[in-house]
Amino acid sequence: MSIKTIEGTLEATNLKFALVVSRFNDFIGQKLVEGAVDCIVRHGGSEENIAVYKCPGAFELPAVAKKAALTGRYDAVITLGAIIRGSTSHYDVIAAEATKGVAQAGLETMIPITFGVLTTENLEQAIERAGTKAGNKGFDAALAAIEMVNLYRQV
């Protein structure tokens with residue numbers, strides 16, 4: 001008896017994506033969008049199959065992601081943004097709720113919804129993760145979305 005391993009491929013040809021990005025910390029969000037688009041195109045996707053939805057902040061990401069998933073127009077939804085710690089507990093609340101909300105939206109819709117939202121201690125860390133020293137987490141979130149779409153199709 002052999003164990004069958006099933007994995008998603010990294011092929012984005014003909015896949016349709018919704019990118020839901022927070023406008024708060026917009027400079028970082030735009031860099032994450034650029035990384036996600038780059039990933040999709042490098043893996044055979046086209047810019048014509050990508051829609052970008054901008055919402056006010058990270059707290060609103062789950063609702064817009066769920067609504068986009070429920071339209072049936074997209075194979076996957078990629079959430080992007082940056083939550084940067086400040087001097088109050090607001091960061092902790094927003095980071096927890098955005099993370100939980102995006103995960104819940106994915107479970108409720110059964111459409112792959114990936115989390116490309118940076119949660120950093122400072123702006124420098126966010127910049128590093130949006131395309132400089134630590135790669136681009138938007139690219140990583142798009143790669144996960146591509147793989148998940150192709151895995152879902154085999155389950």
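The backbone N, Cα and C atoms fix where each Cβ goes, and this holds for glycine too.
Features reported for this protein in Swiss-Prot:
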ACT_SITE  H90  active site, proton donor
BINDING   F24, A58, F59, E60, A82, I83, I84, F115  5-amino-6-(D-ribitylamino)uracil binding site
BINDING   S87, T88, R129  (2S)-2-hydroxy-3-oxobutyl phosphate binding site
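The most crowded of the binding-site residues listed here (F24, F59, F115) is F115, judged by how many other CB atoms sit within 10 Å of its own CB. Here the recorded positions are H90, R129, and the one whose Cβ sees the fewest other Cβ atoms within 10 Å is H90. Distance noted between the C-alpha atoms of R129 ((2S)-2-hydroxy-3-oxobutyl phosphate binding site) and A58 (5-amino-6-(D-ribitylamino)uracil binding site) is 17 Å.
Nearest to A58 (5-amino-6-(D-ribitylamino)uracil binding site) in space, judged by Cα atoms and limited to the recorded positions S87, T88, H90, is H90. For S87 ((2S)-2-hydroxy-3-oxobutyl phosphate binding site), no same-chain residue that is 6 or more apart in sequence has a Cβ closer than 8 Å to its Cβ. Long-range Cβ contacts of I83 (5-amino-6-(D-ribitylamino)uracil binding site) within its own chain (separation 6+, distance under 8 Å): N25, A58, Y91, I94, A95, A98, V117, L118, T119, T120. Taking only the Cα positions, the spacing between I84 (5-amino-6-(D-ribitylamino)uracil binding site) and the residue listed as 'active site, proton donor' is 10 angstrom. Across the structure, F59 (5-amino-6-(D-ribitylamino)uracil binding site) and H90 (active site, proton donor) are spaced 11 Å apart at their Cα atoms.
A sphere of 10 angstroms centred on the C-beta of E60 (5-amino-6-(D-ribitylamino)uracil binding site) encloses 19 other C-beta atoms.
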